[in-house]
Amino acid sequence: MNSFLKELQEKNLIQDISNIEKIENSLKNKMGIYVGFDPSAKSIHLGNFVVINVLLIAKKHRIPTVALIGGATGGIGDPSGKKSERILIDEDTLKKNTEAIKKQIKHFLPDAKIVNNSDFYKNQSFIDFLRDVGKFIQVSYMLSKEIVKNRLESGISFTEFAYSLIQANDFHYLFKNHNVGIQFGGSDQWGNITTGLELIRKRNGENSFSGGFTIKLLLKSDGTKFGKSEQGAIYLDPSLTSPYTMYQFLLNQNDSDLLNLFNFISDLGIKEILEIITKHSENPEKRYGQKMLANNIVNRIHGKNALNEVENISNILFKNGKINDLSKSEVSIIINSFEVNHVNFSNDEKIIDILDRAKIFKSKNEIRKLIEQKGLVVGAEIITDFDQILKDSNLTHGVIFARQGKKKIFIIKKS
C-alpha cells in the first residue's frame, strides 16, 4: 500500500474510500490531491484543521496538494449534513471570507496550489453546465444520494439538489486542468465525492486514474463534535479565538480523547504518539498528554512566541501567582481570552467597593468573608483589611486581577 494511505490508515482517519488501485495509480503518476474549503465563515476552526493536517501529510509524502476554495459554491452552501436550507451569504462577505481562508491555507501550505472555483464558473453559462455536466449524471443516481433522500420529505430546493453536480464539476475541472486525481473531504462528503468520480468516469473513461476518500468525523468520547467550546467554535484566526483560549481548550480535553486528537490534528508519527500516551497513562493527573497536545497544536497554528506567552500566562495565573510579572502583551491576550468586567474606578477607592460594583460577587458580605478567610488576592497582594484602598501595586498594566482561591480569576478593566 502507498505510504500516504498507510499513514492515514495507521492513524485511523479514513472512513470511506473508493477503488484503492485507482488511487495508487493516481499517486504513481504524480497526480495531485485536493480538498474543498467552504468560505461560509471568515476562519477555519479547529475541528476543520483535520483536513489541513491530511494535506500536510500528503505534502510530507511528496504528493502535489491543491486547496479549492468555494468562492462560487459558498454563495449557495453545501447541503451535506444539513437538516434545512442554508441561509445564503452576501457577495461582499463571501469575498472577504474567501480571502481570509486563502491566507490561512497559505500559512500552513505555502507551496499548495489554491484554486477559487468562482474563477472558472464566472465564464460558464447555465446551458454549458447542463451540457457538460448535467448530461452525464442521471436523476435516479442523484436521488439515491443520502443527502437528497434525507431531505425529500422536509423539502430540498433545486439549488441544493444540484449542489453535488457543481462539486462534481469542481473535481472534473481540477482533474483536467490541474492534474488532480484524488479528492478527500469530511465524513459528510462521500456523496459529493462519488458524484465527481462518476462524472470523471463518464467523461474520461473507465481507466481514468481518479479516486476519493472521506475522513472520519472527529468526535469526543461523549459523542459531541470536537472543535467547539461552551463559548462557540475554536477558530484558527487569533482575532476570533486567542492562542490562550485555544491552549486552555486543549489542556481541558479528556484522557479518553487524547489518542484520537493526536492522530487527527497533530503532526506526530504513530510511534511518538503512542510514547506520549504511554507516559501520560503512568500519571494521568499530571496531564502530560494534554500539555503535549496543546504545545504541538498552538505552536503549529500560532508559532513558538505565542506558545511561550500562553505557557507563561498559565504558569502565572494558575501556579506561581506573580500577576505583576505579566507583560503588557500578555495582559492583552488575557483580556481577549477571559470575561472582562468593565467598571469605572480610581486609586483612592476601597477595593471592596470596586469589586462590589463589578458584580462578580453576590454581595459585600461575601467579599468580607473572603477577606476574613484570607481568600482574596488582588494583584499579588492578599487583602486583609475591609478598608484597603486600591494601590498601583494592585494593578497590572492598569488592570485589576482579583483571585478567589487557586482557580477563580476575575478581571476588571477601567471603563
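Backbone N, Cα and C define each Cβ position, glycine as well.
Swiss-Prot lists motif ''HIGH' region' at one of the ranges 19-28, 39-48, 339-348, namely 39-48. The range from 200-204, 225-229, 300-304, 325-329 that Swiss-Prot describes as motif ''KMSKS' region' is residues 225-229.
Across the motif ''KMSKS' region' (225-229), DSSP helix (H, G, I), strand (E, B) and coil residues number 0 helix, 3 strand, 2 coil. For the motif ''HIGH' region' (39-48), the predicted model reports an average pLDDT of 92. Around Gln167 (L-tyrosine binding site), the same-chain residues six or more apart in sequence whose CB sits under 8 Å from its CB are Gly36, Thr73, Asp78, Asn192, Thr195, Gly196, listed in sequence order. Straight-line distance linking the Cα atoms of Tyr34 (L-tyrosine binding site) and Lys228 (ATP binding site), rounded to a whole number, equals 25 Å.
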